[in-house]
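Asks: The compositional bias 'Low complexity' annotation in TrEMBL covers 317-337. Residues or ranges marked as compositional bias 'Basic and acidic residues' in TrEMBL: 338-347. Per TrEMBL, domain 'TLC' is recorded for 87-290. Residues or ranges marked as region 'Disordered' in TrEMBL: 292-347. The transmembrane segment feature in TrEMBL is assigned to 20-44, 96-117, 129-146, 158-178, 184-208, 220-245, 257-282.
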Amino acid sequence: MTLSSSIEDFINNDNQKATLLYVSTALASLVFFRGLLYVTRWLFFRKHFFKKPDNSEPIFIKRDGKDVKYVKCTDNTKSYYFNVPPTKRWKITNEIVSLIHAIISGFWAFGVLIEIYAGDDYRNYENGFYYSGALLCMVSLSYFILDTIDTVASARGFSLVELTAHHVLSTIGVLLPFTTGKYMQLVLMGLVMEVNSIFLHTRILMMYKGANKKSKAFKIVSLTTAITFVIFRLFPSLYMVVLFLHYAISGNGDSSIIALILGGSIVFGLLTSNCIMFARLIRSDFIKNKKSSKKSSKKSGKGDSKKGKKVTISEYSTNSTTKTNTSTTGKTLSTKSKSTDRVNAKV
């Protein structure tokens, strides 16, 4: 018995039971991810996020004859990410929560897709509805809402617009099977991309820690990220575009214009964002690394040639000094021998 069949037996075509199950799953996911965020903040940056207000009188110390306000350092220097500046610490906890969501939703969606394609349900692309996939949509909906709130409260600049647009599209996507009763397979293919997000978030956390891009660990993570990006992001995105265009052009489905517009914006938006992300990944981890390694090898070659020149000069100087030393010692010996001959002659 699969998860979808057991949920279907529990609901037994009762809409109230289905609604109660979806709402309770969304609330439980909301509590879980919010609690996980606070736990990560407490573990890594408790003195930054949970510091008590200082109501004591300020302390002034003398420095260069002037009164300077003394501020006691309350930073958590024992944290694993103590090197991250305070303005970026929200991003660390956000990435850890996103990593947990990627592990849950990626493998969950992958399992549901295996269940679908193992049978004959994969042919029912447009109208297929799966209860296990519906619960996954509720879990991801809560995460997207919380992550959007966290991003709006903390992010600045272009990243705020980019992440907000991505989360808005994702929220519309996970709600599409409930509002239209269609496109569950498209949503599951979008969520299976989270398998690649596991390595993306791991790579970002390593970069915040200051990992060397030339180290073996970072190279393995980077290569795995690129491979899983092609398998779990680019291929599903292209497959989703082909399926959507096939059903939109053939006119076999009975979808409304609004559903087609929403589905098209999600499908093409995911393909565009994935292509941009892949180009950034290749440029950052493979093209720039090759250029930096070539520059470092050229610099090391120049340094070695300079060292070789210095060695020859020092050898020449040492040889010349030894020659002068031998010549001077020869003179002293000759003078000593002459003086001894004179003494012997006098005797």
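Keep in mind that glycine also has a Cβ here, set from the backbone N, Cα and C atoms.
In TrEMBL, annotation is done automatically, which means it is predicted and not curated.
Owing to the predicted nature of the structure, the values given are computational and were not obtained by experimental measurement.
For each feature listed, report its degree of burial, its nearest neighbours and the pertinent distances within the displayed model.
Replies: With a threshold of 8 Å between CB atoms, the same-chain residues lying at least 6 positions outside the transmembrane segment (96-117) that come near it are 2-4, 33, 36-37, 40, 128, 130, 132-133, 136, 139-140, 143, 147, 185, 188-189, 191-198, 200-202, 205, 232.
Residues of the same chain lying 6 or more positions beyond the ends of the transmembrane segment (220-245) and with a Cβ under 8 Å from any Cβ of it are 106, 125, 186, 189-190, 192-193, 195-196, 198-200, 202-203, 206, 213, 263-264, 267-268, 270-271, 274-275, 277-278, 281-282, 285-286.
Same-chain residues lying 6+ beyond the ends of the transmembrane segment (257-282) with a Cβ under 8 Å from its Cβ atoms: 165-166, 169, 172-173, 176, 180, 182-183, 186, 190, 193, 222, 225-226, 229-230, 233-234, 237-238, 240-241, 244, 248.
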Asks: Compare 20-44, 129-146, 184-208 by their Cβ pairs under 8 Å to the transmembrane segment (158-178) and return the stretch that comes out on top.
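Replies: Result: 129-146.
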Asks: Grab the same-chain neighbours of the transmembrane segment (20-44) for me: Cβ-Cβ under 8 Å, and only residues 6 or more beyond its ends, written as numbers and ranges.
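Replies: Same-chain contacts beyond the flanks: 7, 10-11, 50, 76, 79-81, 89, 92-94, 96-97, 100-101, 134-135, 138-143, 145-146, 150, 178.
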